[in-house]
Amino acid sequence: MADDSVHSLMDNNPEETVIPHEEAVTGNQNMSKRQMKKLLKQQKWEEERELRKQKRKDRKQQRRLQRQSQDKQEEEEKQDAVGQDFRKRPRREVVPSSLRLVVDCSFDNLMLMKDVRKLHKQIQRCYAINRRAQHPVQFYVTSLGGQLKQSMDEKDKGWVNWKDISFETEHYSEVLAKEELVYLTSDSPNVLEELDLKKVYVIGGLVDHNHHKGISFERAKERGIDHAQLPLNSFVKMNSRKVLAVNHVFEIILVYLEKGSWEEAFFTILPQRKGAVAVDKGDAATPEKGEDSDLEPATNTAEQTEEKLKYSCNRH
Ligand SMILES: C[S@@+](CC[C@H](N)C(=O)[O-])C[C@H]1O[C@@H](n2cnc3c(N)ncnc32)[C@H](O)[C@@H]1O
């Protein structure tokens with residue numbers, strides 16, 4: 001409508017013709033055609049502000065959904081690949097490892113429930129993968145309580161029947177010998193060369209989007225416990241910080257126990273969006289902040305995760 005009035009006015013007036021008061025939509029007297037055009041353009045711009053805002057929101061939402069579906073697809077492909085391996089493996093090949101792996105859940109009060117639920121899913125995934133691993137580790141979940149226990153009771157009551165896992169309400173330091181403990185943390189100056197099967201490796205049960213930088217390192221130092229980081233720097237170049245999600249650390253260790261190669265373990269488990277490339281193969285591609293704490297296995301209970309793995313096995 002605004003455009004029509006400009007056209008009709010412009011048709012009969014030369015460039016700088018003065019427009020009579022009655023015809024000036026703005027109510028301004030003696031407005032030139034150029035001024036009028038500018039004003040109308042401005043009005044139109046203002047009118048469409050909300051529309052532009054909505055369009056921007058829609059585009060952002062679309063990008064987010066695309067990214068989520070890409071991540072989900074990637075995760076499913078990984079599960080399929082892992083499932084395929086399990087399927088091929090006769091049961092007699094399963095040799096439990098003596099290595100003990102702890103998820104230390106003493107950070108419960110530092111998380112919001114939405115992040116506790118993510119941690120819960122990561123633990124479900126660790127459990128399901130461990131149950132099907134060639135060399136399952138001795139799996140401990142310590143300091144179980146608070147919001148995590150609440151989430152488990154609400155979302156997956158079957159956890160009380162989980163096998164080959166030790167749930168402890170106590171802190172890991174009360175359950176396991178101090179001199180055997182090694183806290184895994186990306187901030188440690190010590191680099192893990194290989195796994196010592198007599199040790200107990202501890203993973204911080206935390207989903208914090210890096211809000212509590214270095215907290216597991218600090219806690220390990222406070223308690224005088226050995227610590228080490230995974231040898232990512234020797235094999236992988238990433239644009240992001242090398243802080244991984246609990247289940248990624250857990251799964252890397254399981255693959256390492258099976259294949260005896262850190263490189264293979266990293267490239268089997270790390271999500272593509274971490275932009276990981278081998279150290280001698282140029283620069284990493286995708287910048288990313290923080291850990292993959294938003295990784296959510298697309299299932300609700302450990303049994304469902306197991307079912308899903310079975311399903312992917314049967315498809316191959
Ligand atoms: C999401 S991270 C927690 C990050 C948290 N800001 C911190 O400082 O611990 C979860 C746990 O995974 C383990 N982790 C993550 N990346 C690691 C790495 N590169 N090397 C060794 N452990 C790692 C640590 O045990 C860490 O506590």
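Heads up, the Cβ atoms here are built off N, Cα and C, so glycines get one too.
Please treat TrEMBL annotations as automatic predictions, because they have not gone through curation.
Secondary structure at Asp208 (active site, proton acceptor), taken from DSSP and collapsed to helix, strand or coil, is coil. Summarising the annotation, TrEMBL assigns active site, proton acceptor to Asp208.
Annotation source TrEMBL lists compositional bias 'Basic residues' at 52-66.
For 280-292, the entry in TrEMBL reads compositional bias 'Basic and acidic residues'.
The domain 'SAM-dependent MTase TRM10-type' annotation in TrEMBL covers 87-277.
For 1-90 (among others), the entry in TrEMBL reads region 'Disordered'.
TrEMBL lists 279-316 (among others) with the feature region 'Disordered'.
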Average model confidence [pLDDT] within the domain 'SAM-dependent MTase TRM10-type' (87-277):
93
Neighbour tally for Asp208 (active site, proton acceptor), based on other Cβ positions within 10 Å of its Cβ:
20
